[in-house]
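Asks: Shown below is the structure under consideration.
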Amino acid sequence: MAISGLGSHYISLFLYVVFATFLHKGAAQTISVQGQNLVTNNVSVVEGETAIISCRVKNNDDSVIQLLNPNRQTIYFRDVRPLKDSRFQLVNFSDNELLVSLSNVSLSDEGRYVCQLYTDPPQEAYADITVLVPPGNPILESREEIVSEGNETEITCTAMGSKPASTIKWMKGDQPLQGEATVEELYDRMFTVTSRLRLTVSKEDDGVAVICIIDHPAVKDFQAQKYLEVQYKPEVQIVVEFPEGLTREGENLELTCRAKGKPQPHQINWLKVDDDFPSHAVITGSDLFIENLNKSFNGTYRCVASNLVGEAYDDYILYVYDVLTTTPPPTTTTISAFQDSRADGAPQKIDHAVIGGIVAVVVFAMLCLLIVLGRYFARHKGTYFTHEAKGADDAADADTAIINAEGGHNNSDDKKEYYI
């Protein structure tokens, strides 16, 4: 009876399978034969994608190559596929290589695949296929949608149904944070991971992104983020609208209170610290207007703003200066500055160096005068001259001396004494 070519091919295949099964029963483990090396690789593939299984031989001597699944069923015998799973397709076949693709991989395909080389004794090499299951979209939840500054909030991030278990990392802006993770095993080595992040917020955190990053070999750049919404008490600032310079008697004063917070301040109040508010002061919203200033208005004026979070204030210290008097145009900047300082009513500073110089000059002049007078009196000290009658020295008594004196009493007008 004639046998067609196709029938002859299947008969040969059957005989090869029977022979291979007989050899397999007699072989315990992979045996390395000198000159012939069977090589394969482990494969990691994402569920639903395609895996490539290779069986490679070096220095083949025309021995037969076949590929078995984890259940020891023949997938390919040389270039023939006895298994009726069409997901397996031949990519390449030669004496040195059997290359097979497995499409639409599922968890049930995971396991150890066997490359067999029919030598004596036969050789085997094992390729482990690991199926990766990416997690679902991360679920990000916050305990509070709006947080007040200074309070603690908690954010959770969940990566569901992955294989292997995912790793979760946290970032606030560009700052890494540390969460607390729990891992729950489901089925078929599937896992759900939940990470909890606790942090205390400040007003600077308002609008900052908190990012949950999922680290898994099956996905890249897998993350979810949430922007913090932080409430904070007002920031208050008093701005002088008028005057631009010093506040003087008779002038007007206009102040504006600028307050910003979240939520916006619902109330703004003006008051004078430790004193009564001027009776004719006018408050319009956040503005304060006082006309015709005088020194009795001196003091600290406070603007207080409040919202749901709290209140804050800013102070303005008012000092009313004297009226600026009209003076002739100053010749120098120094004189002008001196006049302005006097007009301001500010206390004047005494230049002690100038006063010291003047005193020194006066003392020096007095010392010079005393030296000159001293020298003059020293030269004329107790000196005087008299003109007495000549010959009086030889007289026996006073009467004779007078009589013997030259010229007697007639010349008495010529006798003079000089006292200096």
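Cβ from N, Cα, C; glycine included.
Checked TrEMBL, it gives:
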type	residues	note
DOMAIN	29-130	domain 'Ig-like'
DOMAIN	135-229	domain 'Ig-like'
DOMAIN	234-307	domain 'Ig-like'
SIGNAL	1-28	signal peptide
TRANSMEM	353-373	transmembrane segment
Asks: Kindly report the helix/strand/coil residue split of the domain 'Ig-like' (29-130) according to DSSP, in that order.
Replies: 3 helix, 56 strand, 43 coil
Asks: Tally of helix, strand and coil residues over the domain 'Ig-like' (135-229) according to DSSP?
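Replies: Counting residues per DSSP class in the domain 'Ig-like' (135-229), I get 3 helix, 60 strand, 32 coil.
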Asks: With helix taken as DSSP H, G or I, strand as E or B and everything else coil, how many residues of the domain 'Ig-like' (234-307) land in each class?
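Replies: Output for the domain 'Ig-like' (234-307) reads 3 helix, 41 strand, 30 coil.
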